[in-house]
Amino acid sequence: MAMAKAGAPRVSAAQLVTLGLSLLCAVAGPAAAQNCGCQPNVCCSKFGYCGTTDEYCGDGCQSGPCRSGGGGSSGGGGANVASVVTGSFFNGIKSQAGSGCEGKNFYTRSAFLSAVKAYPGFAHGGSQVQGKREIAAFFAHATHETGHFCYISEINKSNAYCDPTKRQWPCAAGQKYYGRGPLQISWNYNYGPAGRAIGFDGLGDPGRVARDAVVAFKAALWFWMNSVHGVVPQGFGATTRAINGALECGGNNPAQMNARVGYYRQYCRQLGVDPGPNLTC
């Protein structure tokens, strides 16, 4: 259930030109940090950099105080998240979990909607159909990772998921960075920047993700917006590759991969949209 490290995003020539202009504007104050992990009051640009000018907070802004194009419930195209993720939809997922599951009283629609306000780019930036597909994809992966919101933390807690080579995000003594939350965020190099972006000590207190449902959803959405959101238009298979490609794609574990596809198809049907092409990886 551990989340795989996402690869570096590919940047086109046109993006490099725009990125260069954005970096020139850094003199005005923004501190560039690839793949974001920005402070709460700083925007994450469509190319994954932190800043506060229009180049960062304008068109394509992924998270933070976006000024245009992001739009949590309006603007920038896409789907109205609160209208799509109804109580019936959310609780319908939870109802599939057993009565003794710890997550049944932890994961709530209100916690998700509270968290998604911090990520106005989620389910936005394209058409309403594309927005609904992104919502279906997010919940398909969350369903697979948590067993219909049954599990809060990874079952096997023996692995510390500490990568000492990631010196920017040093592991704290006695802490383990195993999977927690809707997407089972794992590894010190994910907890560290997620905590910095959300506003908690991800390295010193990774357990916060398992104690606070809003933080849990924010951590999942942080990973999603930084590592998955950009590949959603490529098809559901690309989102699986971004989350757990090393373990499930390329024939490594077709049963697990196809289980994700099954949930995605189911949720697309519920939301009234075609799942689109390229569902497998």
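Every residue gets a Cβ built from N, Cα and C, even glycine.
Per Swiss-Prot, the features are as follows:
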{"type": "ACT_SITE", "residues": "E145", "note": "active site, proton donor"}
{"type": "DISULFID", "residues": "C36-C44", "note": "disulfide bond"}
{"type": "DISULFID", "residues": "C38-C50", "note": "disulfide bond"}
{"type": "DISULFID", "residues": "C43-C57", "note": "disulfide bond"}
{"type": "DISULFID", "residues": "C61-C66", "note": "disulfide bond"}
{"type": "DISULFID", "residues": "C101-C150", "note": "disulfide bond"}
{"type": "DISULFID", "residues": "C162-C171", "note": "disulfide bond"}
{"type": "DISULFID", "residues": "C249-C281", "note": "disulfide bond"}
{"type": "DOMAIN", "residues": "34-68", "note": "domain 'Chitin-binding type-1'"}
{"type": "CARBOHYD", "residues": "N156", "note": "N-linked glycosylation site"}
{"type": "CARBOHYD", "residues": "N278", "note": "N-linked glycosylation site"}
{"type": "REGION", "residues": "69-78", "note": "region 'Hinge region (Gly-rich)'"}
{"type": "REGION", "residues": "79-281", "note": "region 'Catalytic'"}
{"type": "SIGNAL", "residues": "1-33", "note": "signal peptide"}
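This view paints the features noted in Swiss-Prot onto the structure.
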| residue | record | DSSP class |
| --- | --- | --- |
| C38 | disulfide bond | coil |
| C43 | disulfide bond | strand |
| C57 | disulfide bond | helix |
| E145 | active site, proton donor | helix |
| C150 | disulfide bond | coil |
| C162 | disulfide bond | coil |
| C171 | disulfide bond | coil |
| C249 | disulfide bond | coil |
| C281 | disulfide bond | coil |
From recorded positions C38, C43, E145, C171, the one whose Cα lies nearest C101 (disulfide bond): E145
Spatially closest candidate among C50, E145, C150, the listed recorded positions, to C281 (disulfide bond) (Cα to Cα): E145
Disulfide-bonded residues listed as C150, C249, C281, least Cβ neighbours within 10 Å: C150
Residues satisfying Cβ distance under 8 Å from C171 (disulfide bond), sequence separation of at least 6: A160, C162, P164, Y177, N188, L203
Cα-nearest neighbour of N278 (N-linked glycosylation site) within the listed disulfide-bonded residues, C43, C44, C50, C249: C249
E145 (active site, proton donor) versus recorded positions C57, N156, C249 - nearest by Cα: N156
Per-region confidence, the region 'Hinge region (Gly-rich)' (69-78) (mean pLDDT, whole number): 49
Minimum Cα separation from C57 (disulfide bond), reported as the residue among recorded positions C38, C44, N156 that achieves it: C44
From recorded positions C44, C61, C150, N156, the one whose Cα lies nearest C38 (disulfide bond): C44
Cα proximity to N156 (N-linked glycosylation site), best match among disulfide-bonded residues C43, C50, C61, C150: C150
In sequence order, the disulfide-bonded residues (C50, C61, C150, C249) whose C-alpha falls within 10 A of C44 (disulfide bond): C50, C61
